[in-house]
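Written out below as structure tokens is the structure these notes cover.
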Amino acid sequence: MSLIVFPAIDLKAGQVVRLAEGDMDRATVYGDDPAAQALLFAEAGAQHLHVVDLDGSFAGRAVNADAVERIVAAFPGHVQLGGGIRNREAVERWFDLGVSRIVIGTAALKDPEFVKAAARDFPGGIVVAVDARDGFVATDGWAEKSDMPVADLARRFEDAGVASLLFTDVGRDGLLKGCNIDATLDLARATNIPVIASGGVAGIADIRVLSLHTEEGIEGVITGRALYDGRLDLKAALAIARAAA
């Protein structure tokens with residue numbers, strides 16, 4: 001199986017942005033037309049897209065719904081959506097609107113039964129976000145750090161039918177320091193759920209290394225700032241992922 005490369009579109013006030021370490025006050029704006037950005041990624045060959053409603057992550061509800069709907073309508077592939085999705089009504093609404101997978105973070109820690117029920121009722125559709133700060137789970141838009149170790153949260157969902165775990169090293173996100181490959185592999189080896197790597201992807205070297213570990217449970221990688229800053233060519237990343245399969 002080849003590594004899935006997810007270009008990322010993070011939304012703040014309807015704009016395409018990237019944050020540094022999840023800090024809303026350290027946002028760089030990359031565009032004001034999210035749907036057009038989604039089409040650019042599709043034209044480069046992307047079949048999967050990762051979208052985050054950043055405002056929603058803090059509000060606990062959809063804030064950039066209009067922008068997300070335009071992205072889903074424009075992008076011909078699979079859209080994975082996260083940010084403030086914390087109840088069943090929101091999950092059902094986004095699946096009805098054409099989202100392929102829903103990423104649930106804060107609710108995975110605070111309301112695990114909701115996540116398990118969603119995974120059961122929407123097979124293959126639920127991704128649990130495992131956001132790590134110093135090895136512990138971060139919640140509420142990464143603003144809070146819990147006392148739960150990352151692997152413990154992952155194991156909680158092993159038999160629940162969760163499609164994937166989305167692992168982000170918050171301390172690296174948006175800083176182009178390189179993906180925390182060791183921590184990502186540790187999580188993949190600690191659980192039987194496929195893991196998507198995120199946070200700090202700096203260039204093609206991260207894609208190359210991750211693509212060598214799909215047999216160990218690495219399903220995909222999310223990249224944002226490296227693409228927007230021109231440090232990573234999406235076509236090249238997709239080609240490397242395919243070649244390693």
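Cβ atoms are placed via backbone N, Cα and C, with glycine included.
Listed in TrEMBL:
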- Asp10: active site, proton acceptor (ACT_SITE)
- Asp131: active site, proton donor (ACT_SITE)
Residue among the active-site residues Asp10, Asp131 whose Cβ has the most other Cβ atoms within 10 Å: Asp131
Cα separation, Asp131 (active site, proton donor) to Asp10 (active site, proton acceptor) (Å, whole number): 16
